[in-house]
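Taken from Swiss-Prot, the feature active site, proton acceptor covers ASP62. Here Swiss-Prot flags 62-63, 130-131, LYS141, ARG158, ASP160, 171-176, ALA195, GLN229 as NAD(+) binding site, drawing on sequence analysis.
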Amino acid sequence: MNILIVNRYGDPDVEEFSYELEKLLHHHGHHTSIYKENLLGEAPPLFSGEHPPDLVIVIGGDGTILLTTQRMPVQVPIIGINYGEVGFLADIEPEEMSTFVSHLTEPLPLEARMRIELRINGQHIGTALNEALIVTDRPAKMLKFLIHINGNVAERFRADGLIISTPTGSTAYAMSAGGPIVDPRVEGFLMVPLAPFMLSNRPHLIDSSRTVSITLEATKPAKLVIDGQTEIHLETSSTIELSKSPSPALFIDAGQNFFEKINRKLRHL
């Protein structure tokens, strides 16, 4: 099996662990390469779309995993080894490495995680695994949002910002903003206003077969943030269109119960 190891850049403990993992994989007959992930600035794709690896092992936290999915020209199976603070996306702890590697000769069950395809005024600008965030450039300023679902006006409100999350991202920023935890097998858009002016503006869960468009009606400077990694300036009257991406992220299913894992992770926050 050809395996790409992606580790968090500049962390000596992570780098040492990645070399130990590489030696273990070689011992089991796998071919490996290591990519040191720099979380800052632009970077080339992790690999050629014509010759992708069979598996990507990410050593780090959720941020490293999110950036890895963005920098893959095609989606291949991912497994995360948690070297972050919480690691909702990482199913394996460092001490479980040997057991996982010993099972790589067996068929690996996959879990497809829905992603959001994003366009601004009709132009594709990115894909989100966790969430897309719309906020002002200046603190303590509100934006005015007009929401269309399948071309019909659904809501108009003012808020400090708006989170549009996948079920995977429901345990991230959306949860901190008061959104519900959503089973990742449920495919939908979770729309969570940030500090809305009216208390009646509550989170919505929208079926992924629908198309959602968000128009900024205010004149305040704003930006779109994708998975906490990419920032894009938004002009007044910009329309952000969201739809289900045809290319989901693929994760190795390590056999953990989702709700048990969430309960365990939240206890450590």
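The backbone N, Cα and C atoms fix where each Cβ goes, glycine too.
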(request) May I ask for the distance between ALA172 (NAD(+) binding site) and ASP62 (active site, proton acceptor), taken between their Cα atoms and rounded to an integer number of Å? (result) 10
(message) Rank the binding-site residues ALA172, ALA174 by how many other Cβ atoms lie within 10 Å of each Cβ and give me the one with the fewest.
(response) ALA172
(request) Among the binding-site residues listed here (ASN130, SER176, GLN229), identify the one with the smallest other-Cβ count within 10 Å. (result) SER176
(message) For the recorded positions listed here (ASP62, ASP160), tell me which residue's CB has the most neighbouring CB atoms inside 10 Å.
(response) ASP62
(message) Measuring Cα to Cα, how far is GLN229 (NAD(+) binding site) from the residue listed as 'active site, proton acceptor' in Å?
(response) 11
(request) Just jot down the residues in the same chain as LYS141 (NAD(+) binding site), at least 6 apart in sequence, with C-beta under 8 A of its C-beta; none if empty. (result) ASP160, LYS220
(request) Would you mind pulling the DSSP three-state label for LYS141 (NAD(+) binding site)? (result) coil
(request) Fill in the CA-CA distance, ALA174 (NAD(+) binding site) to the residue listed as 'active site, proton acceptor', as an integer in Å. (result) 15
(request) Measure from the CA atom of SER176 (NAD(+) binding site) to the CA atom of the residue listed as 'active site, proton acceptor' and give the result in Å, rounded to a whole number. (result) 16
(message) Taking DSSP as the reference, which of helix, strand or coil describes ALA174 (NAD(+) binding site)?
(response) helix
